[in-house]
Every structure is written in structure tokens, then in C-alpha cells.
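Structure first, then comments.
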Amino acid sequence: MASTASGASRLPLAWLRLLLLGWLFAVVSQTTCASNGLQPLSDADREAVAGYFTADADGFYGSLQETYHALRALEILEQSNVESQKICDSLVGLVQAPHDSVEDAFHVVRIAEVLQCPHGAEVAKVIVPSLQAAVEKAKSLLELHYSVATIAIIKGWSSKSASFNVALSGVFSSLKELAGPDGKWHYTKSSSESSAKAAGLYTFFSFPTTAIAYHFKNPSVRGLQIGHIKTAAIKLFDNLESHDQGVLYFQESKDDASSGGGGTLEATWAVLRGSAALAAVLPAKLKVKVEKVFGIAKFLLTPGLALNATEAFYQLDSLSVLEEYRPAVPVSVQTSSILSLSSNDNLEVAVTTVLGKPVSQVKVTLVSAHCIGADAPPVWSSQNLNYVENSGKYVFHFLSATTDLGKYKLSLEVCSVKSEGDSSYTSGGPVKSDITVISAIGISDVQLAVLDSNTGISDFSAVLEYGKDENITLSANHLQKLLLLLKLTSPSGSPFNPQQVFLKLVHESHVEHLYLVKSSAKGFQLTLDFLGLVEKLQYLSGTYNVVLIVGDMTMENSFVWTLASLDLDLPAAPEGKPLPPEAPLEITARVGSKPEIAHIFWQPEKRPPTLLSNIFLSLTLLPLIGFFIGLGYLGANIKLFPTTGLPGAAAVGFHGAVASILVLYFLFWLKLDLFTTLKSAWILGLGTLPPGHFILSYLADSSAKQKTA
């Protein structure tokens, strides 16, 4: 309930999301073996959802509400990596002072319930007074929901908490004012729109409240009639929204969004939770159509439905409600997709709940089984499947002596075994499923012959046996024919007509020619008249490999069989006839290793010997030495170098700047590039100009004063 987006901005996004989810559901339902369109939560789904929940150092998963969501979701996923003791100890500290927020108290108690904390009595002792006051002061549906649902949880903990009483007079009468005519409810009297989520929350807390009232023997509600609530709950399911593939859900309203709505998932969760609480206290089942329950299950099992931790909680908790939903428990029915005659496989039907738990209390009946494409009576009808203990599967010996290869259309029926107090299971109606019966086929009477084109007399004939490595060589010319005969039989001995039967001639230059082998009364037969095929064979004489290709989806032994080698002598191509195209290169020739590339790098220029370079360096330093000797010879000195005041500072700055320029030249010689050197020299030159001008002017004035003195 962390969202604060407005309903106007959420509804279009919700429709877009539902459209995408509906498409995903349609794709998945066509590619999985869940024959009744319901795919239970898989191990991969469980792992992905568990990844949404990460605990902090204290064992919490964020706020109190987020922590409860995570703990409840991990409980459903049967994850044991929860620091229960640390969280329980922290809860005691959270309730040392009375809670100002009934919502926080609600989440604290729910966390304690999930973890079965041993400090329930201590928590109840602190929280109950604030809850009693909250029931009397509640002005909205959510306030009543938090306070009454918390009382219901505490009441079930232990007898130690049974010493308090709750004033429930007037609660139900005030709630009637929030009811809408369509089974929906308002959050407050001022709410602009009724909501399925609000109705779900209402039933979620109202019936625990009723149970508490009777438990307390409260005379103000002893004669309370709950018929109007039951009627409203049943009417609420008429507000289900539908989508493709029979997906049903409750749409979020504007008031849901403004009160922290979690979208269609939370609205659907609230109704399921509320109706389950209602069904738990009613002596008879809540009369909700099983088709509607099954449609909601399809919505909750839509791939990619939960995109964050909050949505993952609503999805998992809703699925856990459907595990024991008293109106009807939806089940997934998955059948074997392939049966092998060679292995004598049994037909297996797995019946599981939406969370993948095996269901044994049902009766699975094979109503009928028809061979697709065959105009014949059903091969099986009205056969009960046997449940195999500890396997979660129902089995039936489908393959009999008369069962042949092919595809079969099955019709299954799943019914609950009547048992008092148990929930009834529903598969959403008759279950339709397709299975494929496969086996190895028999290959016999394979004959290859070379015939005379005019007389039809066999010049050469050979009988081949499948599985034997026989090196047979044939010779033929353009005045002869090639004849192929073979028979294919199914395990029952009847002729088998596979989807693909081809004869391929492969020339030594890798040019290939493919011919369809057609079935006949005697089996399969193909006659190649080389006189009529000269042009199609592109006048290519030489050696051909004769290859037989047989394949079918029901065959376990589809094969590519090289029958013989054929030396074919064809006439030369007429003058002007274009040459046959070059044979395509083998894949290794096209993508094989390339010639190695020898890289030529820049070769460094030759340099003089080190000794010669050092001598040249010494010679370049000689003028500098001569410069210093010349200064001494001329009597240069620093007697007039100013040492105090502004002239002294200008003199030091000027000589320092000149020295810096000399150092810059030295660095340029070592490593600096020309652009960096010019930029630096320009800056240093500007810095040299002011002190140089000042000190030179000072020296000129001093010299003039000395001359006039």
C-alpha cells in the first residue's frame, strides 16, 4: 500500500499491463503441457519471487507492512532463512508503549502470528487497550479493518488474552451505510466510488468480528443476521472483469488508488481473502461459480504478473487462499504429451494445486480417446485412472495391442471424492489434451535397380537391409532408369505413411537433387528416368551418392541412409549451354581460419653511439661556461641589486620569471610538446613584464641620481 498515484493516472497503465499479461498467458498456454490451461507455480517462479525479498541487518524487510509481506510470502514459499528470534525480540520493544497507529499494531500482530513469536501475550497486553478504543472511534472501513482483524488474531493466540472484552454494538449497523447496490462497498460515507477491494476488506474483517462477538457472548450482536453480508459477497463476484483465455480479475477503483492501492492484484486479493473468511464461518458453502474461481486462478498464474515485492505478496497470498478455498479449489491438470510403444509408457496425469502441491482426493476419468484423422470409434472410453502413492500422478495403461502410431485427442474429467469437511476441487470443466504415440517403424523390402528405358528389364538389382553397412556401386547412363522400392510398417503391421520420404542424389561436386518418394499399393516407389532428367541434372556425369531420407514426428528411428554409389554417364552439354553453377563451399572453407597477417610497425630511426652523444652535449655546454667567464672578465657584479622594499621584490620577481622561462625551455627539450610550451611561455612572459619594467626604471633613476650628485 505504498503507492500514492491518483486513480486517473493508474487505470490506463493497468489496462495496458493487463493487455500484455493476457498476451503472455495466451502464448504460455499454447506452449506448455497444462492441458486445462492452468500452469502451477514452478520452481523457477518461486526462486524469482523469493529474490524480491531482502532483509536488513536487524532481520526486517523495510517497514512493518513490508516485513509482514516478506515473511508471509517466504512462509508460503517454504523458505527457512528467516531470523525469527531476532524479529520477535524486536517486536516486544516496538510495543512497550501504546501505539498511536492501529495500522502499525495490525502489522506487528500479523508478524508475530507468522513467526509464532512466544511473546504474544506481552504484545496483546500492550495493544489491546488501543484496539478497544479504535473500534469505538473508527470512522472508515480501513480503521475498522485494522482494529477488528487485529483483535481476531490476538483472540486466537492463547487463553491468556481472553480476559478483555470488545464493544461491538452499532458496528455492523454503521457498516451497512457503506454498502453499495452492486455488492461493492465505500471506504467512507464520503467516498465517490464503490470498490471491490473495499468489499473484500469488509468481509475480511466483518466475519472475524462476528465470530469474536459470539465468542464473547455479546448480547448486542447475539441475534445478528449475516444473510445480507453473504448475499452482498455473492453479488460481488458479478463485478469480475474478463480478459482473453478466460482470465478474470477485480478492477482497481479510483478510491483504491487514492488509499494506497496495489492495482488489480490487491483488489483481487482482498476479495479472495474476504470471501474465504466468510466461507470459514458459514455452515454451508459460499455459492460462487467454479468458472469464476478458475478464471481468477488463471489471472494469478499469469507469467510476469508480480513485478515487485508488494505484488509478489498479493499474488502468493491469493494463491495460498485458493489452496483451501471453500467454494472451490482450482487444480492444474497436466498430461503426458508423448507415449512410446517401444518403452510401453503409461499415460500419466498430474493433478496439483495452484502452488504445485499434489492432489490425491480426486477421481480422474478418461472419458474418451480418439485417433486424430481416423474415422473410427474411440480407442478408450470411461476409464478410471489409478493414483500412485507419493508420486502425485494418476496413471493408465493407454497402449494396448491395437494402439497404433499417431496423435490422439483425449477428454478427461476430474471430480472431487466426496468427503465431509473437505474442499471440492475443480479443473474448470472437461480437460482436453492431445498426446502423440511414437515408436520405431519397420523398414523392409528395400530394393534398388537399374532398368532399361525401353524394355523395363532390370540390368542390375540389389536388395538392401536397413542397419547393415553395404558398399553397393551402380552404373547407369541416360538411356536407363533408377528404381527404388521399400515398405514401411507400424508396430501393428499396418502400412505406415510418414510425413517425409525423399531420395537425394548428391554429385561429387556437392550439387544436390531432391525427389519425393510417393506411396503406392505395394509400399513406396520412385522411378527416375535419366533421359528426361538430363537437363535438370545439368549434364553432370560422375559419381552420385544415393541417399534415402525418412522422417516423421511419430517415428523414433527417423533416418538418413546412404543406399549406394551411382556412376552416371550423361551426354555432354550442347554448345552454348551455360555451365552448371559452382558447388557451394563447405562451411569450413567459408568460415575457416584466414591467412595470418604480418603487422609492420614503425621502425625507430638509427641513433649515434652514446659516447658521441655525450661529447656533443659537452660541446653545447661550452658557450654557457664561456658566458660566465665573460661576465667575470667584464667585472659584472650584483652590488646594485636592490635588497629592500618594492625594488627588491621586483628584482626577485623579474629574475625568478626569467629563470622559470629557462626551466620551461629545458622541459620542452625533455618532454613537453610545442603547444603546451608556447602557452606556458606566454603566461610566464606576461608575468615577467611588470617587475622587469619596474626594476629597470628604478636602476635608470638610481644611475641618473649618482651622475648628478
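For all residues, glycine too, the Cβ spot is worked out from N, Cα and C.
The signal peptide annotation in TrEMBL covers 1-34.
The domain 'Ribophorin II N-terminal' annotation in TrEMBL covers 41-323.
Per-residue pLDDT, averaged across the domain 'Ribophorin II second' (335-437), gives 87. Per TrEMBL, the feature domain 'Ribophorin II second' maps to 335-437.
Sequence annotations record features per position, and here TrEMBL assigns domain 'Ribophorin II third' to 445-568.
Among the features that TrEMBL reports, domain 'Ribophorin II C-terminal' is placed at 601-700.
Sequence annotations record features per position, and here TrEMBL assigns transmembrane segment to 615-636 (among others).
The transmembrane segment annotation in TrEMBL covers 648-669 (among others).
Away from its own ends, the transmembrane segment (681-700) comes close to residues 640, 642, 646-647, 649-651, 653-654, 657-658, 660-661, 664 of its chain (Cβ-Cβ under 8 Å, at least six residues beyond either end). Taken from TrEMBL, the feature transmembrane segment covers 681-700 (among others).
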Subject >> DSSP-assigned states of the domain 'Ribophorin II third' (445-568) in counts, ordered helix, strand, coil >> reply: 0 helix, 75 strand, 49 coil
Subject >> Three-state composition of the domain 'Ribophorin II second' (335-437), taking helix and strand from DSSP >> reply: 0 helix, 53 strand, 50 coil
